Amino acid sequence: MGRARRSLLIPSLICAISLLLTFHNASSFYLPGVAPEDFQKGDLLSVKVNKLTSTKTQLPYSFYSVPFCRPENIIDSRENLGEVLRGDRIENSPFTFKMREPEMCHVACRLVLDDKKAKEFKEKIEDEYRVNMILDNLPLVVPVRRLEQEAPPAYQQGVYIGVKGQYAGSKDEKHFIHNHLTFTVKYHKDLQTDSARIVGFEVMPFSVKHEYDGKWADNTRLTTCDPHAKRTVSNSNSPQEVEANQEIIFTYDVEFQESDVKWASRWDAYLLMADDQIHWFSIVNSLMIVLFLSGMVAMIMLRTLYRDISKYNELETQEEAQEETGWKLVHSDVFRPPSNSDLLCVYVGTGVQFFGMMLVTMMFAVLGFLSPSNRGGLMTAMLLLWVFMGLFAGYSASRLYKMFKGTEWKRIALRTAFLFPATVFVIFFVLNALIWGQKSSGAVPFGTMFALVFLWFGISVPLVFVGSYVGFRKPTIEDPVKTNKIPRQIPEQAWYMNPIFSVLIGGILPFGAVFIELFFILTSIWLNQFYYLFGFLFIVFVILIVTCAEITIVLCYFQLCSEDYLWWWRSYLTSGSSALYLFLYATFYFFTKLDITKPVSGILYFGYMLIASYAFFVLTGTIGFYACFWFTRLIYSSVKID
């Protein structure tokens, strides 16, 4: 059985790598459920505005929370569950485009700032907020030239509301607003039908103090930007300052640019990662760890264990058996139920729930079902999968509980359904209250909160009970050896076998296998960048599973050899301790990579990373536990017990 499982590992890795290469090299593929839209010349294009975002505060705000130009009627788009949880607020905009009909110096509106409006703009510029827009489901990006001249440009999501700067010869810092936007809509034309599909949405922002003759009227022509005189805005040499009683005129240009990029490949430029080599280095580094651990496990399984089992089976007399030391001596205690066995069952069940959610999500993502074009799709999928995986959580928790001679399966089902979700919900509720206090769009509305509670109580909890009922009706898992009524005394252990020391050592390698990929995930979440390397992530996930399993087996074997049979909780904590290193790395990342200064934003960061670390603990701990559970049953069923 062990050989069969090991033989399955290599094809799994090869399959994952080939899947990655397939999607990495694929020039294009249509995403299920996403249909292209054809536009004829002169068709009205619907430009929508999304939330304002800042990497300094991590608090999103709706576009119209700041006194920008407004359309006559503000219409909210319907957001899915994932979008609402991300703080997305998609609304119609004051910008009107017509397909393949360029606009020059179109006046959006004119504002005269009072003290309140000026303060609001200054605060958002100070906190480096960006405006996010959407056209034909493509996000607005600002092209940024890379250091390498021939390299394609990088793309920054959203356009800064403004910048801080100084006038020449002055030391006073002023706030300047980007009141002129030059949009570039890229399209791919169908030569047969003359229709076109949008494949790019870019912008270049400028700050310009617009001037005009006479008094302002609806038909006033600007002298700084005039389509009749072919005078365009191409620099910010005369910027628009943000001060009370200042007049600001918002204008925009629209350019249309034909592109060779086909509709199916339009996201490729957004998702282009310049650091593929780092990901490959990460995977090679992780594979080295796996090979090292696999070598150790193979040595233990094939050489040491084989020799031990042969020697134990050849012993003829009881006196000879007593003279032996090692893992066989604890055979009558090794399957003794641990202290707090109920809690262990709950955590194992929750870990199975998490593992199922992660595995299915990763498979969907690798196959392209969770594209960034489907905003909020990833979060919605994870939530729904978590809810439905409650069935497996209840099943695995009650199976283990029955093995520990438990009888009250309803109690274990209740604790499995509530322990982890309730802890996360309390932290989430506190963080949501803080966001609400900041009047941010990131605060989850009451209706969405009710939907989350319904998913939990209405679907997840009943499924956990169904799983527990089914699991408890299954036959009890029989131990391969009998357990004595009187516990054996554990001899004094060497310093390196101290539980705390061995647990902390055990978490280093699983964390080491994933920490480079973790950097890119944190950058995606907290620095508002795209992450779409699910092929890499799937391979790293497989490596994490193997690493957690192997390090736990190795340390479990050493523990049993030193006649310490209390392995149940230690096997869970050994690989689970990698969550501690994850949280420490998140702390390091906060102080070295992020520019968060507001206390509320710092609390949000550490609150969400605490939830992520807790989830990682449950996931990795369960992988380690099941690996050690399989290992102990395998070796003790292989020896003759008198």
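The backbone N, Cα and C atoms fix where each Cβ goes, glycine too.
Note: TrEMBL annotation is automatic and uncurated.
Remember, it's a predicted structure, so these values are computed and weren't measured experimentally.
Per TrEMBL, the features are:
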{"type": "SIGNAL", "residues": "1-28", "note": "signal peptide"}
{"type": "TRANSMEM", "residues": "280-302", "note": "transmembrane segment"}
{"type": "TRANSMEM", "residues": "344-370", "note": "transmembrane segment"}
{"type": "TRANSMEM", "residues": "376-397", "note": "transmembrane segment"}
{"type": "TRANSMEM", "residues": "418-437", "note": "transmembrane segment"}
{"type": "TRANSMEM", "residues": "449-472", "note": "transmembrane segment"}
{"type": "TRANSMEM", "residues": "493-526", "note": "transmembrane segment"}
{"type": "TRANSMEM", "residues": "532-560", "note": "transmembrane segment"}
{"type": "TRANSMEM", "residues": "572-591", "note": "transmembrane segment"}
{"type": "TRANSMEM", "residues": "603-631", "note": "transmembrane segment"}
Check: Are the transmembrane segment (418-437) and the transmembrane segment (603-631) close, by which I mean at least 3 Cβ pairs under 8 Å that are 6+ residues apart in sequence?
Finding: yes
Next item on the list: Would you mind listing the long-range same-chain contacts of the transmembrane segment (493-526), meaning Cβ under 8 Å and 6+ residues beyond its ends?
Entry: 55, 58, 278-279, 281-282, 285-286, 289-290, 293, 533, 536-537, 540, 543-544, 547-548, 551-552, 555, 558-559, 562, 564, 570, 573-582, 585-586, 589, 593-594, 605, 620, 624
Check: Short question: which residues 6 or more past the ends of the transmembrane segment (344-370) have a Cβ under 8 Å from it?
Finding: 19-20, 23, 29, 31-32, 338, 377-378, 381-382, 385-386, 389-390, 392-398, 400-401, 404, 406, 412, 415-416, 419-420, 464, 534-535, 537-538, 541, 568-569, 572, 615, 618-619, 621-623, 625-626
Notebook entry, point to check: With the transmembrane segment (572-591) as the reference, which stretch in 280-302, 376-397, 532-560, 603-631 has the largest tally of C-beta pairs below 8 Å?
Noted result: 603-631
Check: Other than its close neighbours in sequence, what residues sit by the transmembrane segment (603-631), given a CB gap under 8 Å and a spacing of at least six beyond its ends?
Finding: 58-59, 344, 347-348, 350-352, 354-355, 358, 420, 423-424, 427-428, 430-431, 434-435, 506-507, 510, 526, 544-545, 548-553, 556-557, 567-568, 571-580, 582-583, 586-587, 590, 594, 596
